[in-house]
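Enquirer: Take this structure first; my questions come after.
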Amino acid sequence: MAAPAVQTKSKKTLAKPNIRNIVVVDGVRIPFLQSGTSYKELMPHDLARAALLGLLHRTSVPKDVVDYLVFGTVIQEVKTSNVAREAALGAGFSDKTPAHTVTMACISSNQAMTTGVSLIASGQFDVVVAGGVELMSDIPIRHSRKMRKMMLDLNKAKTLGQRLSLISKFRLNFLSPELPAVAEFSTSETMGHSADRLAAAFAVSRSEQDEYALRSHSLAKKAQDEGLLSDVVPFKVPGKDTVLKDNGIRPSSLEQMAKLKPAFIKPYGTVTAANSSFLTDGASAVLIMAEEKALAMGYKPKAYLRDFIYVSQDPKDQLLLGPTYATPKVLEKAGLTMNDIDAFEFHEAFSGQILANLKAMDSDWFAQNYMGRKAKVGSPPLEKFNNWGGSLSLGHPFGATGCRLVMTAANRLRKEGGQYGLVAACAAGGQGHAMIVEAYPK
């Protein structure tokens with residue numbers, strides 16, 4: 001009796017006629033650290049420079065081959081507002097190589113990468129370095145508006161009388177500082193508060209959120225121990241030891257996590273410090289090339305960067321649903337279905353945010369009533385989802401996470417033998433992003 005035929009998934013090609021194939025040759029990141037630890041004495045461009053040096057060492061790409069650099073960041077250091085340029089100069093790139101910085105909240109380095117993809121696809125350049133950086137250990141704290149105005153007016157005052165008149169108007173409350181907050185400007189709501197409301201709207205329980213967070217930390221610890229986080233490069237911190245690995249991976253127990261109090265909506269909220277991503281310092285960088293350029297230089301790329309999409313929705317009630325809106329659109333652009341995806345890499349801002357997105361994606365009702373779609377796109381199977389941990393455990397430097405997501409997807413595809421990866425993320429402002437990553441043929 002003949003053996004039954006083995007059914008294999010047919011290979012689809014996403015190459016498009018008359019459009020350049022864009023590849024990511026490789027990518028790195030310095031270890032992601034909890035804010036207030038080993039990077040706290042540094043500046044953002046120091047971290048970005050370290051990521052660039054790590055990329056140069058990893059790829060051996062000649063600096064003069066790089067046509068352009070783009071970096072993403074969210075909370076800018078005022079002294080180095082174009083951090084891409086300062087980091088590039090510090091890493092030894094030519095002063096003739098242009099660089100600019102973009103910001104799009106948590107998808108800033110995604111925007112940096114797709115900017116690079118567009119520059120290459122349009123034929124402007126052949127080689128672009130994209131990356132991102134965030135240093136939450138030293139965020140800019142401003143004087144109050146009244147104090148700033150007085151200081152500027154004093155600077156303009158020409159006589160002693162004018163200065164004394166201005167000083168006489170000083171009040172102690174002028175000294176109250178303005179602290180930056182992870183809050184929406186348009187709604188004044190913190191992201192954690194919004195995540196708590198979103199979890200409640202989709203009936204995501206506290207125990208479900210804690211279980212998902214524990215999964216993230218456990219998978220990240222396993223990946224770290226097995227050497228799978230190969231995008232991490234050592235960073236010798238000036239005056240300190242060399243940092244070798246992420247320091248926020250801490251598998252706990254559900255019993256310990258259950259003891260924590262709600263962080264945002266008290267006393268009945270479900271979002272806690274244990275099921276939220278933590279404030280993180282870090283930087284990442286990737287080398288993007290036109291395929292023909294990479295091959296001419298003798299490189300074996302990691303992956304193709306294929307279709308991508310950006311979406312926006314209501315920043316009040318749908319702040320964190322970017323992946324739900326972006327996923328079906330990018331799949332349609334690429335001509336793929338959820339079944340074609342072998343590796344999902346979604347940004348984990350909060351456990352509740354991830355689980356709410358998974359429920360929304362699996363809801364015909366939500367698709368029809370909120371997205372104007374006939375049917376749901378479907379929920380990613382957990383066995384393909386964030387298998388090496390995610391932002392909850394690895395950390396989330398706002399401007400640098402996007403590159404981590406893409407490189408994790410590329411490295412997972414290579415390790416697991418898959419063809420397509422889907423990267424997705426939410427971002428402040430009710431925005432979102434998704435991209436298809438295709439493994440480069442072995």
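Each Cβ is built from the backbone N, Cα and C atoms, and glycine gets one as well.
As annotated in TrEMBL:
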DOMAIN    22-292  domain 'Thiolase N-terminal'
ACT_SITE  CYS106  active site, acyl-thioester intermediate
DOMAIN    299-438  domain 'Thiolase C-terminal'
ACT_SITE  HIS396  active site, proton acceptor
ACT_SITE  CYS426  active site, proton acceptor
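So that I understand the layout, could you describe where these features sit and how close they are to other parts?
Expert: Sequence-distant contacts of CYS106 (active site, acyl-thioester intermediate), defined as residues of its own chain at least six apart whose C-beta falls under 8 angstroms from its C-beta, comprise VAL74, HIS347, ALA349, HIS396, PHE398, THR401, GLY402, ALA425, CYS426, ALA427, ALA428.
Here the domain 'Thiolase C-terminal' (299-438) returns a mean pLDDT of 98 for the predicted model.
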Enquirer: If you run through the domain 'Thiolase C-terminal' (299-438) with DSSP, how many residues end up as helix, strand and coil?
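Expert: For the domain 'Thiolase C-terminal' (299-438), the helix, strand and coil counts are 57 helix, 35 strand, 48 coil.
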Enquirer: Using a 10 Å cut-off on CB atoms, tell me which of the active-site residues HIS396, CYS426 is the least crowded.
Expert: HIS396
